[in-house]
Amino acid sequence: MLALSFLELNSTLALNLSWTGLKQRAGLTEAKSGAGVSAEASSVKCKLQGAARLPAFSMDGDYVIGGVFSIHNYMHTVKHNYTTMPEPLRIDSRELRFSRAMVFAIQEINNSSKLLPGITLGYQIHDSCGSVPMAVRVAFQLSNGLEPVFYTGNNCSQSGMVMGIVGESGSTPSISMSRVIGSFNIPQVSHFATCACLSNKEQYPSFFRTIPSDQFQADALAKLVKHFGWTWIGAVRSDSDYGNNGMASFLDAAQKEGICVEYSESFYRTHPRSKIQRVADVIRRSTAMVVVAFAASGDMKILLEELSREPSPPRQWIGTESWVTNPDMLRFTFCAGAIGFSIQQSVIPVAASPVLTEFWEDAFNCRLGKNGIIMQYHCQDIQTLKSPYTDTSQLRITNMVYKAVYAIAHAIHNSACQKTNSTTQCDKHTRVESKQVLTQLKKVNFSQNGYDVSFDANGDPVATYELVNWQKSKIGSIEFVTVGHYDASLPVGQEFRINRNLTWVEGSTQVPVSVCTDSCPPGTRKVLQKGKPICCYDCIPCPEGEISNATDSPDCFPCPKEFWPNAERNKCFPKPVEFLSFDEVLGIILAAFSVGGACLAMITAAVFFRHRMSPIVRANNSELSFLLLFSLTLCFLCSLTFMGAPSEWSCMLRHTAFGITFVLCISCVLGKTIVVLMAFKATLPGNNVMKWFGPPQQRMTVVSFTFIQVLICTIWLLLSPPFPMENLTVYKEKIILECALGSAIGFWAVLGYIGLLAVFCFVLAVLARKLPDNFNEAKFITFSMLIFCAVWITFIPAYVSSPGKFTVAVEIFAILASSFGLILCIFAPKCFIILFQPEKNTKKHLMNKNYRQ
């Protein structure tokens, strides 16, 4: 990297600096033996209406390189009314620095003993005045080799043969120039034309550039915007090839990254002010916090001046290399915090020249007359001037000019020089055609002062950028700070890196938010708003049973069937398993009644056994009574099998045990009812029916009825037994662990058989309820059967409609209710007489026909 200072050639330029002194300090003497003497143009102001064929800077040489820069340009649009003088063209100090960098690079090459030894390069630098017609005129002039001076001698130089052209800065002028000089195979190397369209070798075969294509910058900008989470942005662009093509590439890359653009406005510095005002108003009224500006520096300056006239909401500016590192833009302090990509920073000196006189006069508002006489007394030392020309701390694009000159020089070197052994010999009389230089330019690959220079098949260099942030310094001024890098040659995902903290709009250290809609949190999904971009959406909670576990999820997805979402609906958790447990309140209550009922049956049996010889026990068929109490005990206890976690054995046991014990119970009651009827018949004269229904027949009746139920249960268990299952349909948010019936026919056959016996018993009890004798218990059996039937008739709809574990609870309740009904109706009156009215427990009392219970 070069370490010389630009101010080295301007250190003594003060009030007493004369034209002669300035010319002597230009350093434009003979560079090598045989070189022509430089000739500065006498006029550097170009006029759009004039011929302007003289170059702004020129020097004769063995081979000449052309240069085209917009040294003068219009900065404001003026409507000419032909009553006042038009606004004069102004010097663009940045473009002036580019031209002087080209002069310096050529002088450095001429002083080199390695590159083009013995050959002197000349230059013709023209001012295009920022005008496409003037750029085309200059292109024709350089192609035709028009000379400012006619040479009549025999030793005419080849200074009119332009080997290559450096420039133009803008994409639109470069496109126009390339279409002209491309037909003549004259290579053009631009330092600042970044339009991706210029990579098309079919249309621009002789175009090269040392600055990366906008395609790379557009991709880098899209990645930058995505990196900071900005999905809702505004976009402004120059209405030129640079702005339109660059913005088109950016919008395409942004769309791929899921970024939405609220508005995209174009403007140009020569547009009417009303057009610029309209663009400024769009920016002010927009909701997007971030604005991406793909604009030329001159255009951007006009827009920011318009925005500065009226207070505007704070905006985070994202800039391109064209304006984001232009020192002239730092005066717009409301853009502090702006970030953008720029060319890598470098340090390059720039040679002085008498052409600085005009810049000097314009900067200090003073005039130099003939012979360097100062006409006005306002001139100062140029070292005190703050200008992009004198600022050598941010030489970025200037380095691209430097590299462009060296690239053409290397191509000329490879065309005109021959390497023999360890030395290189160059013949300045060798006629080199521009087509040869074009061919060699495609092959150049060298490193100059640490800068690598080469071109790909499209004439583009390797894309590397610095990420620049506008930060306030300790003294309050805004300065450019490099905070990161972008290298397109690195693998995907590794191109972009940030290595320093950034300062944002209004000096904030927090990344500004620029979204159309806040991100949808997990547990919701995005639903696009009708008629709006994809970045504008509503956040809808996930439906029941579905989750989303990512931010901005477009869809919700259901949990697996054994899982259920949490309250936030962003995670799936295993569903709780529910069954009638011994630990819960309902289970404890039912278990207590079950055990209590069994104990009551056993206590009753104990009372009957203790008073088994008493008349009331003997008169009520004590054998069937004990068997009935035993079956009731089993009925109470079988309800316990319905509680707890179902298993294969418990599922088969609970229904079969319930069916068999209840049939045993009803069979005993039915036997007692038949005994009552038979006993009454036996009291009639000549009737001997009791011998046909004695104790053996009673036992056989109970066994027979019970055996039928055992047979039904056996067939059920063999064909399609009950089994444990996880019921996922009753409740969506939990699993009901229950016993599946296996065969519904088997289950209802068991219940149907119990119901059939109960109805039969009820009918017989009704027939026997008005029979005489105090020992007649038919009325108690009738009442117990009435309760039994009522319970089980109610059970059917309750069982079908009860959900989950309550189905089991209903069945247990029916078992307990019917069991308590039987034991209380049949045995409670007898136990009351045995324990509390023993005087009634006599044969005489029982045989008293007038007694009615």
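Heads up, the Cβ atoms here are built off N, Cα and C, so glycines get one too.
Features of the protein shown, as given by TrEMBL:
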| type | residues | note |
| --- | --- | --- |
| DOMAIN | 586-850 | domain 'G-protein coupled receptors family 3 profile' |
| TRANSMEM | 585-609 | transmembrane segment |
| TRANSMEM | 624-645 | transmembrane segment |
| TRANSMEM | 657-680 | transmembrane segment |
| TRANSMEM | 701-719 | transmembrane segment |
| TRANSMEM | 745-768 | transmembrane segment |
| TRANSMEM | 780-800 | transmembrane segment |
| TRANSMEM | 812-836 | transmembrane segment |
_Top partner of the transmembrane segment (745-768) among 585-609, 624-645, 657-680, 780-800 - counted as Cβ pairs under 8 Å_ = 657-680
*Any chance the transmembrane segment (585-609) and the transmembrane segment (701-719) have 3 or more Cβ pairs under 8 A, given the pairs are 6 or more apart in sequence?*
no
*Taking the transmembrane segment (812-836) as reference, which of 624-645, 701-719, 780-800 has the most Cβ pairs under 8 angstroms?*
780-800
*Looking only at residues six or more beyond either end of the transmembrane segment (624-645), which have a C-beta under 8 A from one in the stretch?*
579-582, 587, 590-591, 594-598, 601-602, 604-605, 608-609, 617, 653-654, 657-658, 661-662, 664-665, 668-669, 671-672, 675, 698, 702, 737, 808, 811-812, 815-816, 818-819, 822-823, 826-827
_Mean pLDDT across the domain 'G-protein coupled receptors family 3 profile' (586-850), rounded to an integer, is what?_
81
